[in-house]
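Per TrEMBL, the features are:
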| type | residues | note |
| --- | --- | --- |
| DOMAIN | 3-118 | domain 'Response regulatory' |
| MOD_RES | ASP52 | 4-aspartylphosphate |
Amino acid sequence: MRRVLIVEDSAPGAHLWSELVSLAGGEAEVARTGAEALAAAAARPPALVVMDLRLPDGSGVDWARRLRGSIGDAPIWACSGLDAHELLDDAWDDPPFAAFVAKPFTAGEVLARLKVALA
């Protein structure tokens with residue numbers, strides 16, 4: 001089973017992502033902060049990371065860049081209610097994300113994307 005690291009400080013958001021990962025055939029692990037994500041990735045590198053952009057301990061963009069060294073080629077998806085242009089402005093020189101999932105999203109859309117990513 002392929003593991004997905006969900007970096008989300010909102011309990012409802014983390015629960016929703018965990019359910020979708022499970023439905024897609026993956027195993028979810030939740031980190032509530034960027035620091036927790038670094039520790040989890042170092043202990044057991046994931047196949048995919050879903051990263052909220054606003055975390056209690058800093059920017060998801062900065063944490064995604066720091067995670068890159070621990071996860072090899074695993075893609076990182078940004079997930080945020082922020083405008084995609086705001087994300088690109090912050091990450092233009094060194095984009096750490098393979099995909100952007102805009103909140104709010106439909107479960108069906110994300111489930112389909114997860115199934116492809118975890119295949």
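Even glycines carry a Cβ here, placed using N, Cα and C.
Predicted automatically and left uncurated, TrEMBL annotations should be read as such.
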Inquiry  = At a 10 Å cut-off from the C-beta of ASP52 (4-aspartylphosphate), count the other C-beta atoms across all protein chains.
reply    = 24
Per-state residue totals over the domain 'Response regulatory' (3-118) - DSSP helix, strand, coil = 55 helix, 28 strand, 33 coil
Ask   = Which whole number is the mean pLDDT over the domain 'Response regulatory' (3-118)?
value = 91
